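K.L.:
Questions regarding the structure given below will be posed in turn.
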Amino acid sequence: MAAAAATAVGPGAGSAGVAGPGGAGPCATVSVFPGARLLTIGDANGEIQRHAEQQALRLEVRAGPDAAGIALYSHEDVCVFKCSVSRETECSRVGRQSFIITLGCNSVLIQFATPHDFCSFYNILKTCRGHTLERSVFSERTEESSAVQYFQFYGYLSQQQNMMQDYVRTGTYQRAILQNHTDFKDKIVLDVGCGSGILSFFAAQAGARKIYAVEASTMAQHAEVLVKSNNLTDRIVVIPGKVEEVSLPEQVDIIISEPMGYMLFNERMLESYLHAKKYLKPSGNMFPTIGDVHLAPFTDEQLYMEQFTKANFWYQPSFHGVDLSALRGAAVDEYFRQPVVDTFDIRILMAKSVKYTVNFLEAKEGDLHRIEIPFKFHMLHSGLVHGLAFWFDVAFIGSIMTVWLSTAPTEPLTHWYQVRCLFQSPLFAKAGDTLSGTCLLIANKRQSYDISIVAQVDQTGSKSSNLLDLKNPFFRYTGTTPSPPPGSHYTSPSENMWNTGSTYNLSSGVAVAGMPTAYDLSSVIAGGSSVGHNNLIPLANTGIVNHTHSRMGSIMSTGIVQGNRVAGPWAGDLPPGLRTRSSYQWGPGRLRGHAGSSVPMTCPTGSSGAQGGGGSSSAHYAVNNQFTMGGPAISMASPMSIPTNTMHYGS
């Protein structure tokens, strides 16, 4: 897909004009490059003849579907050279900023004013000459239908908005770039898959001298508008096209991108990110620098029963008189092939996670075609293992500091959520047992992966496996608080509700023994545990989201504070006080689905819009409700389905 091939890049990019020679249609786009020079070379009669135009010329390129019309004009608007360049035309790049075209016995050498001008011209010409018909690295690994859907999806401003509004994602990127400003000051930067160009603007804020922003979807046109409106055309150059197919005029000092999908690898944009290293200087850096995929066994009887219950529709012996039961087995297989995208209570995990690391500075594209992750879990709890949970962290390792972006279930929720892969046959394991096996991801041409998981309890020999399609996930997130696993209370919740303080004075002056002086009902919802369920994604038209506990980019390194090692969240047994997090929302193949189906930003019809319960089907107000009992107003962590935003007791 050459999404923006008709959009010229560089100084003097013109507008649509009349048809040029060589098949450029009546609506062909005209690109103008001033300051070009022309040298004519021939060898008639066996002697080399040269003729150079003494003055700088204006080069106009009329881009058509099969050819490009090229014309050079003098200052007096006299055409001194004109030709058509198609797929059959003999032509080639010369040096950094020149191009040679051979017509019969003569050749013309066109020298551009800057390498940037030549790069823009060359990228336009490749598309016009039908180079999109050639099999680039991207085309070899991607079905055309998948690529069309993918780039169409990311060409929508609404999807760019969704990603930009992920506070954790966008804020962490900006913090990582600005905190490591020395890695960007006066440097050349490449932004792979720039989208709206937001990361390029961050690089400019950090002092980058030149940023090449490559974008294959039609979003490149919008990015160009933003660059111009922010007066950064001298520093940010938007290059329409795929990074596998465009050309850059120079090597770069650092590559930035946001290439992560569900389970880190979905959408296969990481391969484009690694491909871009052909433009990276030997001492260059990449932001992000490394990626860690974490996986851990989980127990969730409710989720498991949900999938089986859906498949039981096909168990009916008489659906409008038709026996559907022959398809019940196929339905079970299909539902269990879907990775589940949502979030969960940390207490469903049964062992410390296993980590698989990809160093983007060292990895090659081929390394991501087949990813094998062996695992051996030492079980911390007894129960049924229903599958494996996945999440990822990426690190921006700069000269000044390392900043982490995490999608862990203990951190503020992002539009990547977490992903869970179910077993059709759960495994029973006891605390102290080991669960070993392999997770194998095989890349497919649908910009995703086929997942094969095999797991075995070593002590009993019981084994389970499953095949899953990462391209077809089940988006389960509803905006409600994830439920803790059954049996999470080790003291009486009812007693804890009243035994959390000394005396509570109602506004009427009545003193109730055993009640606290400032009682927060959110502690009741937590069930006596210190797990604070603040990991909701705000639905449409909700109140202000409280990000007090999730400062952007504040995860400097996993399990390390200011250089001193501390026990990370997965060291040893899982403490009952592990917290969950704050908020956010999304849609396809990460979506950034980088396409697929999307999660609506409004509460699904018929589902509760209230955290932790409430029967309302409308979108809830996340943190606006105030609850008072004769004292100061208490902010409710859990929204309630009430007609007003304030409740008062004893008034």
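Glycine too: its Cβ is placed from the backbone N, Cα and C atoms.
The region 'Interaction with C9orf72' feature in Swiss-Prot is assigned to 28-139; the stated evidence is similarity to another entry. The domain 'SAM-dependent MTase PRMT-type' annotation in Swiss-Prot covers 147-454 and rests on sequence analysis. The S-adenosyl-L-methionine binding site annotation in Swiss-Prot covers Q160, R169, G193, E215, E244, S272. Swiss-Prot lists S217 with the feature phosphoserine. Among the features that Swiss-Prot reports, region 'Required for nuclear translocation' is placed at 347-380. Annotation source Swiss-Prot lists region 'Transactivation domain' at 500-651. According to Swiss-Prot, the feature region 'Disordered' maps to 581-617.
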K.L.:
Looking only at Q160, S217, S272, which of these recorded positions has the biggest number of Cβ atoms within 10 Å around its Cβ?
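P.N.:
For the recorded positions Q160, S217, S272, the Cβ with the most other Cβ atoms within 10 Å is S217.
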K.L.:
For the residue listed as 'phosphoserine', identify the closest of the binding-site residues Q160, R169, G193, E244, S272, judging by Cα separation.
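P.N.:
It is G193, whose Cα lies nearest.
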K.L.:
Counting other Cβ atoms within 10 Å of each residue's Cβ, which of the binding-site residues E215, E244 comes out lowest?
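P.N.:
Counting other Cβ atoms within 10 Å of each of the binding-site residues E215, E244, the minimum falls on E244.
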K.L.:
With the S-adenosyl-L-methionine site defined by the record as Q160, R169, G193, E215, E244, S272, how many Å span the farthest pair of C-alpha atoms?
P.N.:
25
K.L.:
So how many other Cβ atoms are close to R169 (S-adenosyl-L-methionine binding site), meaning within 10 Å of its Cβ?
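P.N.:
Result for R169 (S-adenosyl-L-methionine binding site): 22 neighbouring Cβ atoms inside 10 Å.
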K.L.:
In the region 'Interaction with C9orf72' (28-139), how many residues does DSSP call helix, how many strand, and how many coil?
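P.N.:
Tallied per class, the region 'Interaction with C9orf72' (28-139) gives 23 helix, 57 strand, 32 coil.
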K.L.:
Suppose we draw a 10 Å sphere around the Cβ of G193 (S-adenosyl-L-methionine binding site). How many other Cβ atoms does it contain, all chains included?
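P.N.:
There are 25 such Cβ atoms around G193 (S-adenosyl-L-methionine binding site).
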K.L.:
Check the domain 'SAM-dependent MTase PRMT-type' (147-454) for me and report the mean pLDDT.
P.N.:
97
K.L.:
How does the region 'Required for nuclear translocation' (347-380) divide up by DSSP, counting helix, then strand, then coil residues?
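P.N.:
Counting residues per DSSP class in the region 'Required for nuclear translocation' (347-380), I get 6 helix, 16 strand, 12 coil.
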K.L.:
Going by DSSP, give the three-state secondary structure for E215 (S-adenosyl-L-methionine binding site).
P.N.:
strand
